[in-house]
């Protein structure tokens, strides 16, 4: 609501006031309105009249818009409030207004109303199998007897599990011997079935739900429509009403039982003595107040019951003296119990006049003597008819009756009475098959070994002596606590988790006017929609109206509205009501461990919080004005720089915003810093030395710093003053000439020209001047280094770098080339001879030995030495050595 009021307030301010910034929060508006009412001036920097007029107009328009917004908020009603005021009881009363308020109908009406309410509230209906909420989009199945609905998948799984368990139980159902050795026969097999988890009504296997149907069963897979009841088809129910009166339900498809029939008919009473009258179809079997007065079957008394159907009089409830069937005893009994038997034997003689009747009290004739009928000997092999006084003796043959063991026959002669026990000695095994022993056939052999096999529950062991491994099913109760925490599982001991508690719990609202039946264990999470107002008085000073609820009253959400007496500012406290607030604190009680702290919840009245009313506050340095909460309205530093002009005229105060006596004056005042900086006036271009004087106005004194540096050529150190070197007098050429002269030592430059000769100018900066006028002498040679000549440096730079060889040079080169070729030819021949010798040696070593042949001696002719050719080679070689030596000498 506050956000909506703020938005509407901003819209009004934008429409009515032009060129004025809109107020965004309601707290700002209330603060300004309170200041206007108190006629307190706002702290505004400066004494300008225009600023005051503008702020006054703004706050007047702001207060007007705030009043308009408050009126609009008071008249506004949200859609959520309209939904909360929906009276469900009126809707249900309108639905059942055609039904009477008979006590017999209240149960069915309440049950139908409960189902409708559960399904209308989203999430209030619970599946008892999975304990989850049944949503309007879930597929469900509704029981036809208790009308409880479950998830379709859950009930199908429940049916499958139930039938599977019954199949296993029937498969393992066998007779067994108890601890006394008595044989217990197996239980009778029951037809396979499953039951509803709520009412335990039995269903056949073919009744297992397979499809999702609406409540009336008319539509399969009904779509969830927002305007229809969930899981409903929206059509008329049309089910036959119960008890069956041939009428159908006219309500739309709904959960739960159909309400009783509301039709009227002209019907007489049960006995038909009263006149017919118009009655509801449900009450057609009505009773008049007249007594029946018909003679009862006893023939003595009349029926004293009120109106009932003919020939359906109740048994006579009076007492009279009645004799037994034999007439020996008489006693006072119910008149309707005319036939009864005493415990005396008849003792009348039969027709033979010898034997007496041994039947208990009976009526009529005793019949013929049983001894006069055809009789046989005790073993039954011979039959004889004789008078009742004659005794039938034994036949003398062997008895041969099958004994109780079922394997052997009686070996005695025909005798009276039962046969003796079978005494044939046989080897018998015990039931468990672990031991064997020779015993009479009539005796049962059981050992003392206890069975340690687990029963079908998987928890308890059999512990039966001499068990035949067919352990009986566990007959103990499960007894485990159910999920509800109140009851224990009453099923036979089983595997897996227990099914949810199937009992119902009744939950009442606090006032007791609204009740609701829920599955056990859902009492805390159930939603009870009671439409009555809570009658508990409010703990605070507000009138806090709310509906009836289950737990403690909700905290008051209204604004406090009391003056804030904590800060003493006089503003109204706008915080949430804090007169009755739940507070949790830790306490050590004697009932728990001394080191364990328990939480204790108390309700306390908390003091007013600090005042959040917005007020205008100026900083202590007079730089800015801002809105602050009332509790933080003490002026403080804005953390900006002071920026007041210092006496030096060059700098401003760099202290953080501090207290000054005159905030409007931007000159240095008491508390501002004193200038401690040095001179920061720019020095001449190139001077890097600071002015030694403190901060002052220009100009600065000349720089007398002595500079020591090397000259241009780097041989000597030059000393000069900074003010002489960086003197700004004259133009740029004069300044460069002066600086060149100061840094020159006056000696000859040590640099070389590009041609390699030394510079002839004095010590200077930059490249050497007149490099093209160099006239130094240098030598040039031909390619073979035999010819040489001296020329000037300028001719060498113009392109004359070498001489041309003459004919002698070429002749010498030709001879040297011929000598080189001859040397290469001799080397080639020596290499071929060496290779030939290596091949012969290889063949001699690895080839098969041949037949030695007679060595043939070859005589080599001695060649004569060619002295002429030898002298020619020697001359060429000496000429080459002489030319190389001359070239080497000229270079050096």
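Each residue's number is its place along the chain shown, starting with 1.
Each residue, glycine too, has its Cβ placed from N, Cα and C.
Remember, it's a predicted structure, so these values are computed and weren't measured experimentally.
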Correct range for coiled coil (source TrEMBL, candidates 785-812, 813-840): 813-840
Annotated stretch (transmembrane segment, per TrEMBL) among the listed ranges 848-868, 869-889: 869-889
Segment-segment contact (the domain 'NF-X1-type' (457-476); the domain 'NF-X1-type' (405-424)) at 3 or more Cβ pairs under 8 Å: no
Helix-strand-coil residue split for the domain 'NF-X1-type' (457-476), DSSP-based: 0 helix, 2 strand, 18 coil
DSSP-derived helix, strand and coil totals, residue by residue, for the domain 'NF-X1-type' (484-503): 0 helix, 2 strand, 18 coil
Positions whose Cβ lies under 8 angstroms from the domain 'NF-X1-type' (298-318), at least six residues beyond its ends: 269-274, 287-292, 334-336, 338
Residue numbers, six or more beyond the limits of the domain 'NF-X1-type' (648-677), whose CB comes under 8 Å of its CB atoms: 45-46, 618-623, 637-642, 694-697
Secondary structure composition of the domain 'NF-X1-type' (245-263) [DSSP: H/G/I, E/B, coil]: 0 helix, 2 strand, 17 coil
Same-chain residues at least 6 beyond the ends of the domain 'NF-X1-type' (484-503) whose Cβ lies under 8 Å from its Cβ atoms: 128-129, 131, 165, 197-198, 200, 455-460, 473-478, 519-521
Intrachain residues whose Cβ lies under 8 Å of the domain 'NF-X1-type' (540-558), provided they are six or more past its termini: 507, 509-511, 513-514, 528, 530-534, 576-577, 579-582
Helix, strand and coil counts within the domain 'NF-X1-type' (648-677) (DSSP): 0 helix, 3 strand, 27 coil
